[in-house]
Amino acid sequence: MFTLDGDSSDYFDDDLGDLGVDRPSDATDPDTPPPAKRRRLRAGKDASNADLQSHQKPRAERGDGARTALSSDSFIDYDDDEVPSPERESPYFQDDSEREARSKYKVFAPKNANIQENIFVTQLTQPPSPPEMLRGPRWKKPDPGLPTRTVATPLPETTQSRESAAGDRDDEYDDDEEMKAAIEASLQSFEEETSRPAPSVPLQKPPSSTPIIGQQSTTIEASNDLLDDIPDDAFDSDLSMSPPPAPQPRPAARSFTQSTNRPLGVRQTTLFGMVARNPENQPPRGEQVYSPPEKSEPPTQHKLNQEALGTWVYPTNLGKTRDYQFNIAQKGLFHNLLVALPTGLGKTFIAATIMLNWFRWTKDAQIVFVAPTKPLVAQQISACFEVAGIPRSQTTMLTGEAAPGIRAEEWKAKRVFFMTPQTLINDLKTGIADPKRIVLVVVDEAHRATGGYAYVEVVKFLRRYNQSFRVLALTATPGSTVESVQAVIDGLDISRVEIRTEQSLDIREYVHSKDTDVQTFQNSEEMVLCMDLMSKALQPLLDQLRSTNAYWGRDPMGLTAYGLTKARQQWMLSDSGRNAHFGVKAKMNAIFTVLASLAHGIDLLKYHGITPFYRHLLHFQSNTEGQKGGKYQRQVVQDESYKKLMNHLQPWTKNPEFIGHPKLEYLKQVVLNHFMDAGEGSGADENKDQPATRVMIFVHFRDSAEEVTRVLKRYEPMIRPHVFVGQSSAKGSEGMGQKTQLDIVQKFKKGTYNTIVATSIGEEGLDIGEVDLIVCYDSSASPIRMLQRMGRTGRKRSGKITLLLMQGKEEESYIKAKDNYEKMQQMIASGTRFTFHDDMSPRILPPGVRPVADKRAIDIPEENTVRDLPEPKRRGRAPKRPPKKFHMPDNVETGFTTASHLAGTSKRRVPNKSKARTPTPEPVELPALEDVLLTPAQQKELELHYSNAGPSEELLVSYPRSDAFPRLQLAPRPTKAVRHGSLTRRMIETLQKMDQITPDCGDRYKGILAREKASMPKASIVAPKPNGRGEAQSRTKARHTSKVVSSKSRNQEEQDVTEVQRTPPGKHSVSATNAEVEPFYCSQRTQDGDTDDDFDLPDVSTLLNRSVERPSTRGRFVLDDSDD
């Protein structure tokens, strides 16, 4: 049983049905079965009927005689009719007189079971409220006790009308007056709430319940006998269950966390397709005024035109202003915006408007529009020329075909650029384009901006050098998953999203209806025959895979290239694959390769036709001619089933009338019927510039496109088809260049071709024109591709979409894509699942500047009337490519920087490696002799304690005597286990030098000084610096001589010392030649030039250390011959 308020009927039925219903069958017509919820109340209630009848006889008298007294005991009299309204609380059972005067509401019990089919109000919309709060009835009769806000009816009149309304219940049931009144009130409420900008406040304010209870105290006492077994709160309405509805629902709804980036124009519908009126989620009607956000950021480096900053221009050249275009364009000026609009709703116009205003606001900044293909770029150029009025002289179109030198000149001279993203990133990396000059980047088909696509690289590169630029992203389908949409937002630094669907309220008047016809097909007899023969040919190879547990499928017709690739990877990673012999691995890889190549042919047979399947088998067979092909490939070709299959296919494909797929047959009929209904026959409309209608057919493979074109060409000139494919060349099919693509699009618009058979190249963005019929020859599991295909029609007039699907996988893919699209649209519209980059969206405009909209018709310059694309002209000799230029970001530190500075760590001071100069020793003052010698007491103590070996023997320890054995001390004595130490050798060398000194040493020394002074000039002699090679060798000679002496063997040392002792004194003199060659030092010369005999002799250290400065390098050892 349903009421006008489906939400609350069950609640009141449960409370009242359990307590006050004796015989539910009396509530409705005897022919009508009782409701299921009341059926359980029939038993166990007859005992109380007698007691209740005495109280309810007056109620039965109000009937027309057809109803018995027991009918007043039915549930209807005590159901919602007895439920008080939320505005007051009152007892339900009163005495008979008062009950007769106060007729309450009732539950509508239809006599016919199908009465619900005529009720279109199944779920009334509600103001926002939390789900846990119970809501009262949506519509009630006016309360006679309290005046309403809208209609102030006197109480007696209301009571009288209600008495009359309650007088004849059977008439009310038959004529459904209550239901009509409810429907009219619901429609009136719907219109009122639709016109309100905010949720309506309840019409009546519930007064205090105490006065009402006081006024009816006698009635409560009279009915106590009926309420003894009923709880006090049994008949409480939702007012007692929940707070008053006026203030509570609004704050409760706002307490939920919702995104501030909620887009406009998104409406929520119920399960029955009705609109859920939540004013907070609805877009504001009409045009809105947005201002740039106030941000604290450094001033922009772009030179701004202060005179133009006060306004932003909205072109009105196209006629009527669309509110959604106005609002989106205004928001796109001040935020990094992602615009998701269905195809044909003016994304190009929005982009042209934003480009025009940034062109006005800046003096020399550059604006870049990027699109994946050249046809999409050319399409935007026409919009900027014809709508926005951007001068052609400031515009250029750059692609990879232009030489780098020409592109460099264009970057210096122009301000607006239309190009592909690959060309833009190349110019940025080579320094041809200055990233600091770019102020706006418009990205078309923005759903591609994921991963490492060129769109993402462009934005990242610009962000390194420029923090003051705007991004506008345009797409019809942002993505198929939450992750893909978030990747687009992250890759382009998006801060706001504006999304519209075809059900959005503000675009409904601009969207034409699209009639979608889905046709499913089964395999034909020819296809079943081909599948059986192909399965027999492939079964042996499949069994070999299954025997090694490399593949689990049994049906060869279920093979797919992706499934075989995954199975190969899993087998190679398994233990059996890793431990298998090399020959087994080669065998498995060969079988997987052969089956994967034939899996594509199986897909062609299933979904595209027999002719593409036959072409694929011919190509597969050609690889086995001669010595080509592997063992398993030749095994398939030589199989009897395969040969039989080819014998069947060859005559079929040679027949020009053969149609190898049921979808192709139906496609031919659909296209023919469409053109015949449009009145385009063989001789019709030949004088018109444009045909009456156009058709576009989407296929997945080029083979299918060629087959469809071949079939449709039989019906020329009514059907004039042409293939529309991409640039890359494939086997048996040459690609189309971008110029060829543009030429085909222009001929399609003019009417040279009225049917285009396109692959995926025709899905995205192309303004191909007014297409009245879209035929999807195969389905796509991607919702992006599906929606792109369907968006080609229904732009300016109603369109039709025909989907041709095979039962099974293809049909499931379509359902999956459709559901995925609807779910993603809701997620994107809510905005709660995504993270936006508001910090990456700069204000750019100076603080305090708030541009005002200026709607006006733009004057189109005469130069824009030229139809050619603004490509740079080719020259006989292109300019030389400029050298690479490295642009630096602002506030960059040039020069070399240490790694410790970049890492932020402190740099350790490295000590200076230069040796400190040894200070000159100061002469020590010689102490007195008495201070050095021992005193008599100390001498006595030395002799007593240290010199005496013991008291028994007179053995005294004496000092070492250097004169006891003078000859033996000049040479080291023989040793056995312990060798002489360094001190012993130094002592021996010292004694040897002392022994070499003769009594005439002083005389010889004075003679040398005299000769030296006589041979030198009178000027003061300065010690020369050792700067020559010979000087270095002479200085190192003495050092090496001493090392050689110290490194001699013990026997050799003794022999040398013995010879020195036996040498006469005269032979120990230094040779005169060496004395004259070696320089004298300052300590060896006199300052006043006198050479008398009483001069001071140099000290011993000066004599021994002849070299003041020791060279760092060692010279060769030179042994002087004593005979020289």
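Cβ atoms here come from the backbone N, Cα and C positions, even for glycine.
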Segment assigned the feature motif 'DEAH box' in Swiss-Prot (from 444-447, 448-451, 840-843):
444-447
Number of Cβ atoms other than its own within 10 Å, given for Thr343 (ATP binding site):
22
Taking DSSP states H, G and I as helix and E and B as strand, how many residues of the compositional bias 'Basic and acidic residues' (855-873) are helix, strand and coil?
4 helix, 2 strand, 13 coil
Same chain, 6+ residues apart, C-beta under 8 Å of the C-beta of Leu345 (ATP binding site), given in sequence order:
Tyr324, Arg500, Ile507, Tyr510, Val511
